[in-house]
Amino acid sequence: MNLRLELTRFLSLGYVLSSSFMFWMGLSLFTDCHSPIVVVLSGSMEPAFQRGDILFLWNRNEKNNVGDVVVYEVAGKSIPIVHRVLKQHYDRSTGEQLLLTKGDNNNGDDVPLYARGNYYLNKTKDVVGTVKGYIPQLGYVTIWISENKYAKFGLLGLLALSSLISSED
């Protein structure tokens, strides 16, 4: 075992991980979204977006218009929701924009999904971003890995095996 070679591999791995992290943080700053890329997890927005589509978000617009597709998070729930703005108005006391959303494939609006006692989303507090682009079906890989525990272990095993194979000279 060559210590210098092992340290070089370790540093290369650290470089790749830190570069990936910095890219994600830079993208987050550029788009003003803590999660600038999300995967559609349900069919509530069909036919516009299918389960497994990857969405690219932008949160630098001052307001959202009726018809915009937004991603929002509700306090106490960890999964972001992708739905279309159905109505919008402004709070008279604060001047903040309030939004009512609905999934294209749903029968009713999203009020039952909002935090208890809220009938609208607050644009600045609840909305993660507005959808500006997408790649169809590419997100199925992440859905498959997250829903299949064997896939997680298999992927980790493949990574470990590849590092063992590549370390043998």
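Positions of Cβ are set from backbone N, Cα and C atoms, glycine also.
According to Swiss-Prot:
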| type | residues | note |
| --- | --- | --- |
| TOPO_DOM | 1-9 | topological domain 'Cytoplasmic' |
| TRANSMEM | 10-29 | transmembrane segment |
| ACT_SITE | Ser44 | active site, charge relay system |
| ACT_SITE | His83 | active site, charge relay system |
| ACT_SITE | Asp110 | active site, charge relay system |
| CARBOHYD | Asn122 | N-linked glycosylation site |
| REGION | 154-165 | region 'C-terminal short (CTS) helix' |
Should anything in the same chain at least six residues away from the transmembrane segment (10-29) have a Cβ under 8 Å from its Cβ atoms, list it; otherwise answer none. 35-37
Across every protein chain in view, the count of C-beta atoms other than its own within 10 A of the C-beta of Asn122 (N-linked glycosylation site) is 17
Using all protein chains in view, find how many other C-beta atoms are within 10 Å of the C-beta of Asp110 (active site, charge relay system). 22
Tally the residues of the topological domain 'Cytoplasmic' (1-9) by DSSP class, grouping H, G and I as helix, E and B as strand, and everything else as coil. 7 helix, 0 strand, 2 coil
Taking the Cβ of Ser44 (active site, charge relay system) as reference, which residues of that chain separated by at least 6 in sequence fall under 8 Å from it? Ile81, Val82, His83, Gly103, Asp104, Asn105, Asn106
For Asp110 (active site, charge relay system) and the residue listed as 'N-linked glycosylation site', the CA-to-CA distance in whole Å is 13
What is the average pLDDT across the topological domain 'Cytoplasmic' (1-9)? 80
Collapsed DSSP category at Asp110 (active site, charge relay system): coil
Within 10 Å of the Cβ of His83 (active site, charge relay system), how many other Cβ atoms can you find? Include all protein chains, please. 23
